[in-house]
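S.K.: Residues or ranges marked as ATP binding site in Swiss-Prot: 162-217. Annotation comment: Swiss-Prot describes ASP288, GLU301 as Mg(2+) 1 binding site. Look at Swiss-Prot and you will find GLU301, ASN303 tagged as Mg(2+) 2 binding site, backed by sequence analysis. The domain 'ATP-grasp' annotation in Swiss-Prot covers 132-334.
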Amino acid sequence: MSKQTLVLLYGGRSAEREVSVLSAESVMRAVNYDKFLVKTYFITQMGQFIKTQQFSEKPSESERLMTNETIELTQKIKPSDIYEEGAVVFPVLHGPMGEDGSIQGFLEVLRMPYIGTNVMSSSIAMDKITTKRVLESIGIPQVAYTVYIDGQDLEACLVETLARLTFPIFVKPANMGSSVGISKAQTKVELRKAIQLALTYDSRVLIEQGVVAREIEVGLLGNDKVKSTLPGEVIKDVDFYDYQAKYVDNKITMAIPADVDQSIVTEMRSYAEVAFKALGGCGLSRCDFFLTQDGQVYLNELNTMPGFTQWSMYPLLWENMGLAYPDLIEVLVTLAQEMFDQRESHLI
């Protein structure tokens with residue numbers, strides 16, 4: 001039986017490229033090599049496409065994907081050279097230029113099926129401010145927030161923020177994930193510095209009310225018919241679940257399933273599915289919630305390309321539901337092909 005080609009794109013231009021490499025290495029080991037041939041392409045920080053490795057069987061645990069230290073620029077290709085008829089692309093890319101609709105649009109121009117949400121839902125979900133406004137329109141509860149756009153009057157923003165929110169306050173670049181560029185502010189001075197830090201990553205800044213809450217996550221999978229997982233909980237050994245804690249210091253553990261009341265489970269799964277559909281989601285996403293001590297649920301964000309590392313919540317949530325990592329990849333490939341066929345059928 002001939003194998004189907006699965007194209008892995010990894011690296012990328014955003015500050016989250018290191019997470020992308022870790023995720024892609026986990027995917028390449030989880031693939032069922034009886035069914036798939038894996039071809040990998042590294043995207044440099046400058047946006048160059050580099051042809052790297054090809055795997056017809058499961059690589060050893062010591063095998064690493066080629067990155068900046070090991071690639072040869074002679075391997076550079078035109079981006080369109082990734083095209084292969086019948087192949088499905090897994091863009092294991094996080095953050096801007098990865099899950100913001102950019103690469104999705106490129107793959108649609110190439111007429112290649114790809115895993116994940118489409119151009120519209122990717123771009124909406126990538127921008128935390130736009131996501132909040134969409135979710136507000138359908139009545140999904142979220143923490144209070146204000147917005148700062150580069151070029152606006154910063155002093156006026158500080159006045160508005162301090163009138164509406166109380167410390168602690170969290171400041172986030174609107175278009176970043178993996179906790180990159182996020183700060184916790186306890187004073188007006190810290191708030192100003194946090195906004196300035198966020199502006200180094202994005203011109204749009206989300207300023208949110210801090211809440212004392214558990215962090216609960218729900219996995220989503222599907223196109224027209226969406227399935228959700230039982231929730232999992234991120235248990236932190238640090239005050240603030242930042243990039244360092246997530247991917248470097250390993251100062252988190254996960255409880256899957258989360259120990260929460262059944263009514264809360266039902267509420268979160270419902271909110272997650274409704275939010276996914278409201279954003280036009282397809283393929284997959286992870287929906288992140290805050291759960292306060294008094295039982296209030298707040299939807300924090302939808303992540304359209306969640307981490308796929310060996311310690312990432314998303315594949316572990318599905319494993320808990322009885323869907324093993326290799327089988328999850330196969331389902332994602334099938335969903336990608338379904339969406340491709342649907343898009344093609346709408347072109348007259």
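Numbers run from 1 along the shown chain.
Positions of Cβ are set from backbone N, Cα and C atoms, glycine also.
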S.K.: Report the same-chain neighbours of ARG204 (ATP binding site): residues 6+ apart in sequence with Cβ closer than 8 Å to its Cβ, ordered by sequence.
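M.R.: Listed in sequence order: ASP127, ILE129, VAL147, TYR148, ILE149, ASP150, PRO173, ALA174, ASN175.
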S.K.: Show me the subset of LEU162, ILE169, SER183, GLU190, LEU197, VAL211 whose Cα is within 10 Å of ASN303 (Mg(2+) 2 binding site); these are the binding-site residues I mean.
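M.R.: The binding-site residues passing the 10 Å Cα test: none.
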S.K.: Which number gives the other C-beta atoms within 10 angstroms of the C-beta of LEU162 (ATP binding site), all protein chains shown included?
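M.R.: Step by step: centre on the Cβ of LEU162 (ATP binding site), count other Cβ atoms within 10 Å, giving 14.
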S.K.: Let me spell it out: for each of the binding-site residues (SER183, ASN303), count the other Cβ atoms within 10 Å of that residue's Cβ, using every protein chain shown. Which one has the most?
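M.R.: Of SER183, ASN303, the one with the most crowded Cβ is ASN303.
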S.K.: Quick one: Cα separation, VAL211 (ATP binding site) versus ASP288 (Mg(2+) 1 binding site), in Å?
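M.R.: A Cα-Cα distance of 14 Å.
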S.K.: Sorry to bug you, but what's the C-alpha spacing from ASP288 (Mg(2+) 1 binding site) to SER183 (ATP binding site), rounded to the closest Å?
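M.R.: With the alpha carbons as reference points, the distance is 18 Å.
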S.K.: Expressed to the nearest Å, what is the distance separating ILE169 (ATP binding site) and GLU301 (Mg(2+) 1 binding site) at their Cα atoms?
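M.R.: Cα-Cα distance, ILE169 (ATP binding site) to GLU301 (Mg(2+) 1 binding site): 17 Å.
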S.K.: Could you pull the average pLDDT for the domain 'ATP-grasp' (132-334)?
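M.R.: 93, rounded to a whole number.
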S.K.: For GLU190 (ATP binding site), name the DSSP secondary structure in the helix/strand/coil scheme.
M.R.: helix
S.K.: Could you measure between LEU197 (ATP binding site) and ASP288 (Mg(2+) 1 binding site) for me? Cα positions, answer in whole angstrom.
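M.R.: That separation, Cα to Cα, works out to 24 Å.
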S.K.: Just give me the nearest neighbour of ASP288 (Mg(2+) 1 binding site) among the binding-site residues LEU162, MET176, GLU190, Cα to Cα.
M.R.: MET176
S.K.: Counting distance between Cα atoms, which of the binding-site residues LEU162, MET176, GLU190 is nearest GLU301 (Mg(2+) 1 binding site)?
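M.R.: Ranked by Cα distance from GLU301 (Mg(2+) 1 binding site), first place goes to MET176.
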S.K.: What is the Cβ neighbour count of MET176 (ATP binding site) at a 10 Å cut-off, with all protein chains included?
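M.R.: Excluding its own Cβ, MET176 (ATP binding site) sees 23 Cβ atoms within 10 Å.
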S.K.: For the binding-site residues GLU190, ASP288, GLU301, which one has the sparsest Cβ surroundings, going by other Cβ atoms within 10 Å?
M.R.: GLU190
S.K.: Per 10 Å Cβ neighbour count, which of the binding-site residues ILE169, LEU197, VAL211 ranks highest?
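M.R.: It comes out as ILE169.
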